Amino acid sequence: MRINLDSKPIKRDMDIYLLCTLIVLIHFSTHLLLDVPLSTSIYFETIIRASILTGTLAMIVNFIRIIIIREKKPIRAFLSPLLHHIKNPYESINLIIILCFVSVVFSIYTTTKQFIPNLVPFYLDPFLVKADYYLHFNNHPWELTHKLFNTSFLSGTLNLFYNLWFFFFWIFLMYFCFSKSRESLRKNSIITFLLCWVINGNILAILFSSAGPCYYDNLYQNSAPFGALFEVLNAQNLELVQNNHFLGIWSLNIQDLLWQSYISGSSTFGGGISAMPSMHVSVATLMALSLANMNRILGLLGWLYLIIILIGSVHLGWHYALDGYISILTTVAIWYAVKKYLPSSINRTTESTNTPSLQQGL
């Protein structure tokens, strides 16, 4: 078996390494200047476990595929993906480095998110309530979504798709980390993904410090129109539980756990409270943009899922509608800014490795 020691994968993704290094340096600077907690390893163990699980599931899917298509050389077909990484060690090293950087960026995001109220106390919620109301022709957005999705089953279904976001975005990330084709699209997706967590999830979240509808009554003295929303959600959840339905309004428990973490000041996995902008909507927008550049049908599914996430974020009391609208705009802006930068970057990389240009896919 011939081992390929070409370090092209490392050089190919140098932009990603440099970006992540810059993010770490900025985070370290905020730690020194603003006393933001310094943590880069919250998700390290989780990323390792998730990667192993993903690899195992991929092998199972490949095994089923081999059986269905009746592969003539099943053992070779089954071992081929594994042998590729053995024969191309730099591909494996590159993948490990990127996953480590992703773990670091996620940890920085969560640590900073939990510290937002210490940097800028929540202040924007009253404005967002009014803006939402006037933007939707004197209607609160959640009232509109509950007229459209007006049963316990529909609310539970929205919550299911909202929670599946974690699974979908992980598969999305894994696909582009492992992908060896569509270099321009691959790098555009990964770099935009990382920038969204930093720009939308941290920088804009600090500037537009807000908690969200689910915490409004806990933080502000003046009344807000969300009491009725949570009466409806709790009643729907109770109905689903009493009927032993597999669906539920699971967001209610998660919102309570995050609030308990907030008032106790504890640093927890996935913790932190922030409304504007919405990371659920931001990542869903990125997935839609990437899928649309791969395949028209996948693109349509991606945009449909974005709409579901946008509606669900309001329907379940996580976000103001404006949180989602702003997230879509900023994510699209980041996507096209990265896209404009990438062609020259890819040219530099391919020239240095004496390989043909791979500017395809966008």
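From the backbone N, Cα and C atoms, a Cβ is placed for every residue, glycine too.
Bear in mind that TrEMBL entries carry predicted annotations, made automatically and left uncurated.
Predicted, not measured: the structure shown is a model, and the values here were computed from it.
Database features (TrEMBL):
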TRANSMEM  16-34  transmembrane segment
TRANSMEM  46-68  transmembrane segment
TRANSMEM  89-109  transmembrane segment
DOMAIN    128-336  domain 'Inositolphosphotransferase Aur1/Ipt1'
TRANSMEM  160-178  transmembrane segment
TRANSMEM  190-211  transmembrane segment
TRANSMEM  269-290  transmembrane segment
TRANSMEM  297-314  transmembrane segment
TRANSMEM  320-338  transmembrane segment
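Long-range contacts of the transmembrane segment (16-34) within the same chain, counting only residues at least 6 positions beyond its ends with a Cβ under 8 Å from a Cβ of the stretch, are 40, 97-98, 101, 104-105, 108, 111-112, 119, 187, 190-191, 194-195, 198.
Regional average pLDDT for the domain 'Inositolphosphotransferase Aur1/Ipt1' (128-336) in the model is 93. Between the transmembrane segment (160-178) and the stretches 46-68, 89-109, 297-314, the greatest number of Cβ pairs separated by less than 8 Å involves 297-314. When Cβ distances are compared across the two stretches, the transmembrane segment (190-211) makes contact with the transmembrane segment (320-338), since 3 or more pairs at least 6 residues apart fall below 8 angstroms. Listed as Cβ neighbours of the transmembrane segment (297-314) (distance under 8 Å, sequence separation of 6 or more from its ends, same chain) are residues 141-142, 145, 148-149, 158-159, 161-162, 165, 168, 278, 280-281, 284-285, 287-291, 320-321, 323-324, 328. Residues 74, 77-78, 81, 99-100, 102-103, 106, 170-171, 174, 269 of the same chain sit 6 or more residues outside the transmembrane segment (46-68) yet have a Cβ under 8 Å from a Cβ within it.
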